[in-house]
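Student: Relevant sequence annotations retrieved from TrEMBL are reproduced here:
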| type | residues | note |
| --- | --- | --- |
| TRANSMEM | 17-39 | transmembrane segment |
| TRANSMEM | 51-72 | transmembrane segment |
| TRANSMEM | 79-102 | transmembrane segment |
| TRANSMEM | 192-211 | transmembrane segment |
| TRANSMEM | 218-240 | transmembrane segment |
| TRANSMEM | 271-292 | transmembrane segment |
| TRANSMEM | 298-319 | transmembrane segment |
| TRANSMEM | 388-412 | transmembrane segment |
| TRANSMEM | 418-436 | transmembrane segment |
| TRANSMEM | 448-470 | transmembrane segment |
| TRANSMEM | 476-496 | transmembrane segment |
| TRANSMEM | 503-522 | transmembrane segment |
| DOMAIN | 558-758 | domain 'YrdC-like' |
Amino acid sequence: MITISGGILRSLSHGRLFATLCLTLSALWCGSGLVYILAGQNVLQPLELRSALIPGLAAFTLALLIIGSVAVIEKKTVLFLIAVGISLACAHQIAGLVAAGFGQSATAANYLLVCLLGVYFGFGRLLSTITHGKVVPPGTSQQSKTGVKTEQNQGCSDVASVGLVMNLLSASVLACPLLGVVPTLFVGHVPWLWTAGVFQLGACVLLYRAMDTLGATFYGFVALLKFAEGYSALLTFYGIQTDSPVPFPVVFSLLFFTLALFSFQKSFLEGLYHLFFVAYCIALAVEPQGFFQAGTQGVQGAIFVVSAGMLSLTAYNMVSTSMVPTGSGYFKALVSRLQGITLRAQDKEQHSPYLGYSKYADAEVLGHACSVLAAFAMTATLGDRNPLSVLVLPWVVVAGGALQLLCGSVAFSRGKSLESTVFILYGMMWTVWGLTRYAGLYGETRGFNLAVGIIGFILFNSLVIVAAMFLNLAWFAYALTFQLILISFLLDALGVLPFGYDIGVTILFGVVSFYCFLAHLFNSTFQVPQIPLGKPLIKLSGIGGGSKVCPHLPARKASSVQQIAEIMKNGGICGMPTDTVYVLVAACNRPEAVVKAYNVKKAAQDRPMSMWISSIKQLEPVRHLLNPLLLDFMEAAWPSSISMVIPRGPWMDIFGLGDAAKHIGTPQSIAIRNPDCTVATYLISQVEEKEVGPIAVTSANPTGEADTTHHNQLYAKLGNKVDGVLCDGASPENIASTVVDCTKIETGHIGFFRVGIIPKSKVISFSIFDHAQCQFGVTLQLKLLAPVFVF
């Protein structure tokens, strides 16, 4: 069914609502399928199947009915039939579980209706494709461009809608025991709860891609609750009743409350919705048996009702042109009346990558919050109880482990090497130690073998501490306090742990983590004031020292290229990607910039700079001074990774180089090139003035070092010496250009100073030489010359 739904997704004018429906159905069949697998493996008894299925089916019945209602309001017949058909199928399936044999035919009839609908649309789209749009069955036409544009401006409401459906699902499972629908929470509910957790982790990742840090953090938090709920239900199969320690849910409620306050900037209703989860965590703190007691289940009943309302509102606003107000401007209006407070603009530019290009927002808020959760969960003492009975394992393994690994991956994609290393290293440590201590694997094992592993983590973290000294004081304190936790693990392994030391250092680490969490959340919301993270304890050139010297901009944005062009017009030098390796560039009509680039490069006299143009049209003012055969060769060979060494002449004076001309080429010749690179040619065209504006180019590495093939290398080597860097990741090629000697091309002689990415055979294959032989009576002769240093 999902395959059929996905196949017709692009043919509808309401793709976002349909995407919500597809993901909802995927969760429905994933959860119910796992329940049937448990029954097939005799984990569930036949009489328990009813109690396992009804809570989940009830949630999806309501969710699909809401989606169908929104569809019919917006006159989207297809969605209405699919959503309401499967909703009725779930309702009849519940009826069949309550009264054996009742409603089974109706369930099958509803599913058959949806299947026929999918076949009709699939056939309609296939027929339209085969006939090139000449035959289009009713209702199967392609979506209009206007609809696509409207929906692209809607943000990621479909992701938020799926997250709300998952909250509805888990709330139904938790509230049903309170209502007497099922006897109690048990192992049959684990598939529903963990399905909700997995889908909410997916929503977390997608919201990071949508540059929504607050939404991603919220769904990361609620996913943790789903995994903990499922863990508690799973242990009932082994006759273990979980005990919820007080410190953790109290801290979790504080984190949720802080997040809720900042969520008011998105909308007033969203902030209020998050407050219900604050109440839920408080209920967990006051109930010794956590998820199994009436107070907690009562709050989940309230969350069920509120989630249904939020789902209706979000789904309607996602497809309707008349938006229902959610109070999105209240927070901004309140802050605007306060003196000395300025909101940060909430746009994608806020999450410009640290280095290069990234599709994700910053994940430090969730990463530090997970450290807080894992740290305070570890303060729980086991005593003589079974370690599995203390509800700590999911908080440490999922929050401290899995989610920090996710945050580390996001940080890595943003070019934050240290942050990603820290989150991944600490995530591994929380996972290993959590499983060892709270999964019953530790036992009475103490000694050298365990200590060796912990010492390995201590050594790795020592390197992290040193590296954090180059970042800021907050990250240094974060890494240092975690080292104290590792030392407590080592002392415990050796059996010499002082009383209370582990609790003390864990709380200290938790407090530092909470400060980092609050600082990143506060600073991403307000431009003024800022919660200080501190300056680097050690500052060097390169990444640490150069990060405040020049802008590093993603090359894939036209605005970034224009910004670099303005820097060059004002006499700056910049690094940029090309069709080969990274280079340093300066505008030829800014002689002082050419001299600066030459000095920064520290080029040797036998390795001069070269000249690049955006197209052969830039040579129009001097065309009458160049050999016609050379011009024909340029037109045939460019744009490409071919550099041509041509005779030097008075024609260079027109480019405004002045005395800086001595740094380009030799007294007899210069190298010129039209690169086959969109970024490079666009930048040159932006720099040019009066249609004349070549740039001077040299390699982006100190003389004697290897070519620079990544913007990180350029920034590390010359970040404090250049005025800007265009970042585009790894170079497409690690080989420099092919350099052809064209100084004697009028006599039919060309040579090769260097055979680079373009082979000889391709150079001589250009038809220009055949044309030249007929028109000018010259014969092509090839020779390999001494190497030259051009790009």
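Cβ coordinates come from backbone N, Cα and C, glycine included.
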Student: Would you kindly check 51-72, 79-102, 298-319 and say which stretch has the most C-beta pairs under 8 angstroms to the transmembrane segment (271-292)?
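Tutor: Stretch with the highest Cβ contact count: 298-319.
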Student: Is it the case that the transmembrane segment (218-240) and the transmembrane segment (298-319) touch, counting contact as three or more CB pairs under 8 Å in which the residues of each pair are 6 or more positions apart?
Tutor: no
Student: Determine whether the transmembrane segment (79-102) and the transmembrane segment (17-39) share at least three Cβ pairs under 8 Å, counting only pairs 6 or more apart in sequence.
Tutor: yes
Student: Given the cut-off of 8 Å on Cβ pairs that are 6 or more apart in sequence, determine whether the transmembrane segment (51-72) and the transmembrane segment (388-412) share at least 3 such pairs.
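Tutor: As far as Cβ distances go (cut-off 8 Å, pairs 6 or more apart), the transmembrane segment (51-72) and the transmembrane segment (388-412) do not touch.
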Student: I'd like to know if the transmembrane segment (192-211) touches the transmembrane segment (388-412) in this structure, counting it as a touch only when three or more C-beta pairs sit under 8 Å and are separated by 6 or more positions.
Tutor: yes
Student: Please determine whether the transmembrane segment (17-39) and the transmembrane segment (298-319) are in contact (criterion: at least three Cβ-Cβ distances under 8 Å, sequence separation 6 or more).
Tutor: yes
Student: Looking only at residues six or more beyond either end of the transmembrane segment (448-470), which have a C-beta under 8 A from one in the stretch?
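Tutor: Result: 418, 421-422, 425, 429, 432, 476, 478-480, 482-483, 486-487, 489-490, 493-494, 536-540, 543-544.
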